[in-house]
Amino acid sequence: MFVKAYLPLLILLIISGAVYGRFISDGVHGRDSDVLRLDRISAAEESACEQSYGFLPCTKTALGNVFLIIVYGYLMFLAATYLSSGSEFLLEILGPGLIGGLFLPVLGALPDAMLILVSGISGSTAAAQSQVSVGMGLLAGSTVMLITVIWGTCCIVGKCDIQNSAAIDLKDTKGFSLTGSGVSTDVWTSHAATIMAVSVAPFLVVQLPQLLHSTSGRHLAVLIALIISLTLLVSYCLYQVFQPWIQRRRLAYVKHKHVISGVLKHLRMRALGRLCTDQGAPNIEVLEKLFKAIDESEDGYLSRSELKALVVGIRLEEINLNENDAVEKLMKDFDTSHDQRIEKSEFIAGVAKWLNEARGSKAPSIEAGPDTMKYLADMHEEARREHHFLGDQNDESVEAVENPRSIAIKAVLLLLLGTVIAAVFADPLVDAVNNFSSATGIPSFFISFIVLPFATNSSEAVSAIIFASRKKLRSASLTFSELYGAVTMNNLLCLSVFLALVYARGLTWDFSSEVLVILIVCVVMGVFASVRSTFPLWTSLVAFLLYPLSLVLVYVLDDKFGWS
């Protein structure tokens, strides 16, 4: 880590040597012929070139700025990598909740936020107005890249065989079958996709004056959009903080539902009659016989050991639940007297209560009829399937962290280093993009839309692809949740920074085509991913096609129709 920490200083030396005409040897030819020299920039060009911080190299030539964009982009990539590594170390020690839900998403969006901030914070209002297109290009490009190119790539590398509308972990025998191969995610990932689609609301608000062809309310619309964006950001962070608790509650409910259906199914098989009468009331005679059969000690009570014998064979291992846990659920629901044993009346009342829960909104005659076994079996299978798509982590081996103090120090150093690099080199990168745009005539928006997202989001992209390659529901869920979360933070945190910049400096919001692209990609992919949990391989083609479509759409709307 400390060796890598010196990379920025080394790169600065290389920049100075390359831009100002230092000698670089090819290591093959002789002394006179092995030296390659870049042409010096003319004095006139140098005088018109403003150095960042008064000492960082700059140039007005196209080739020189390409070199600077590559170097500064790599430094931003290092910043993103350090922030990502430090975040993972911190999460390893402190776990989810406040750290995983609030702190880490903010750090993930920090490089983009820095670039957006410096794109319009300095210089005159006119200069800031021309430079903010770099920030908007980065915002739109990051969002589109993550949810199209990276999403589709993760779908391909994480593909498994699809059976019964679900991808089978670690089984990949169907090759590149467009319908028989794909990935599955848990329900929480679908929720994350829904949140991502909702996060575009501030874009709609700030765009209203343009839609209404009004110029008087643009500044007010920016302020309202900023307030909405900050409100949604705080709400999203709170949701992330409490999400682990929500997941545990939901998982506990599904396991409880599985025990209910399993025990009732087991009782129905052992009963010498129906559990309910034709009117849907509990069949007291049958339930009394069942109680007597279960009460092996014949003491008039059901003990824990007798309950454990009852639940054996319900296939609780499918939901990572053992017999002792099932007994606890039975005792909690049936033992109303809290004397650690179940009387006959408590048993009958408990079974009746569970039958009502299992029946739900169904008519009593359905529960009482001959289809009872099928109904309970279907409910049991439904509970098992719900548990599968909830992504239970109880079977994941969690190793204790060795040397937490050392890891904590390493995490803090990485986070500080990444933050400093992002803060220092964001401004030079924006200057290099603008200078290259001036030298070539290429709009700075397209440079920031295509090139910069690969630098600032590369660590997230590599991490997502590596996780997806593990070919498990758990890893796929984590992969796509990270992508949806990164886009959500772009739409909320980075947009908040952008809107605050526009409002504080009195800039004009004139990014209709960019907003339209963000809306199309986020809404299409967000709604699509929120209504399903399994994605066949053909869905990756849809994602890939959205990227060039976005580029073409922005170009046509800007250059042909003059939207921006």
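FYI, residue positions are counted from 1 along the chain as it appears here.
Just so it is clear, glycine is given a Cβ too, placed from its N, Cα and C backbone atoms.
TrEMBL does not curate its annotations; it predicts them automatically.
Feature annotation from TrEMBL assigns domain 'EF-hand' to 282-317 (among others). Residues in the domain 'EF-hand' (282-317) partition by DSSP class (helix H, G, I; strand E, B; coil) as 21 helix, 3 strand, 12 coil.
Here the domain 'EF-hand' (322-357) has Cβ contacts under 8 Å with residues 255-257, 259-260, 262-264, 267, 275-276, 281-282, 284, 287-288, 291, 300-304, 307-308, 310-312, 314, 316, 367 of the same chain, all six or more residues outside its ends. The domain 'EF-hand' annotation in TrEMBL covers 322-357 (among others).
The signal peptide annotation in TrEMBL covers 1-21.
Residues or ranges marked as transmembrane segment in TrEMBL: 62-83 (among others).
For 95-118 (among others), the entry in TrEMBL reads transmembrane segment.
Residues annotated as transmembrane segment in TrEMBL: 138-158 (among others).
What TrEMBL records for 220-242 (among others) is transmembrane segment.
Positions annotated as transmembrane segment by TrEMBL: 407-426 (among others).
Packing against the transmembrane segment (446-468) from elsewhere in the chain are residues 69, 73-74, 76-77, 80-81, 83-84, 108, 111-112, 115, 133-138, 140-142, 144-146, 150, 153-155, 157-158, 183, 429, 433, 436-437, 475-476, 478-480, 482-483, 486, 551, 554-555: each is 6 or more residues past its ends and has a CB under 8 Å from a CB in it. Marked as transmembrane segment by TrEMBL: 446-468 (among others).
Residues or ranges marked as transmembrane segment in TrEMBL: 480-503 (among others).
Sequence-distant contacts of the transmembrane segment (515-531) (same chain, six or more residues past either end, CB-CB distance under 8 Å): 139-140, 143-144, 147-148, 151, 189-191, 193-194, 196-200, 203-204, 206-207, 480, 484, 487, 491, 539, 542-543, 546, 550, 553-554, 557. Feature annotation from TrEMBL assigns transmembrane segment to 515-531 (among others).
Summarising the annotation, TrEMBL assigns transmembrane segment to 538-557 (among others). When Cβ-Cβ distances below 8 Å are used as the criterion, the transmembrane segment (538-557) is approached by residues 140, 144-145, 147-149, 151-153, 155-156, 178-179, 182, 445-446, 449-450, 512-514, 516-517, 520-521, 524-525, 528, 563-564 of the same chain, each at least six residues removed from its ends.
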Long-range environment of the domain 'EF-hand' (282-317) - Cβ separation under 8 angstroms, sequence gap at least 6: 258-259, 262-263, 265-267, 270-276, 323-327, 330-331, 340-344, 347-348, 351-352, 355
